[in-house]
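To start, the structure itself, in structure tokens.
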């Protein structure tokens, strides 16, 4: 038994490229504790996003095991994985993936409605989070009417609306300038402290990564703890 919230054991991922087998990840062992913030860094194409997709149940490993609170998830079917993601995970990407025809409030409320909450209850929860991330004056604005930093704040609010245990963030500041990127990182740090949500943050920005509790380096398909 382990007290890890999310962990993997000897996780590997390979692809067929014509007649060749390309190995992206090799025997990854990783554990995330409740409330922990971990950065995963590495060169472009090193497999960082692939690792995040495997940990989030968005892709299947070629071999190895994935556990959530000591329950093995590797054999789960797609519908069970989808339900688990909706109840326990939040996702933030480099591109915000907001639905353009919906307002900020409607975008943030959507995961709540998918989880079965009434529209009224979902919008109340969404409004509280949008106020928390500093967008109380942007509730009715659509994504095209928001700045890049504001759109990413909406995406973060959406990731938190179902009170996830873990947020997986893939280059969450990749499309932002330095000042906006720093403000997004500070927001994630604050939410971690306030809500106890664990984070795995994939990033190429070493300066920002160093603000987190632990840095793991992915190189040649192998995950290494950064030596301080």
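Glycine too: its Cβ is placed from the backbone N, Cα and C atoms.
Positions annotated as domain 'ABC transporter' by Swiss-Prot, on the basis of sequence analysis: 6-228. Among the features that Swiss-Prot reports, ATP binding site is placed at 42, 43, 44, 45, 46, 47, 48, 49, with the record citing sequence analysis.
The 10 Å shell around the Cβ of residue 49 (ATP binding site) contains 19 further Cβ atoms across the protein chains shown. One way to see the shell of the ATP site is to take the Cβ centroid of 42, 43, 44, 45, 46, 47, 48, 49; the remaining same-chain residues with a Cβ within 8 Å of it are 218. In the predicted model, residues of the domain 'ABC transporter' (6-228) average a pLDDT of 86.
Comparing the binding-site residues 44, 46 on other C-beta atoms within 10 angstroms of each C-beta gives the minimum for 44. Around residue 47 (ATP binding site), the same-chain residues six or more apart in sequence whose CB sits under 8 Å from its CB are 13, 24, 25, 218, 221, listed in sequence order.
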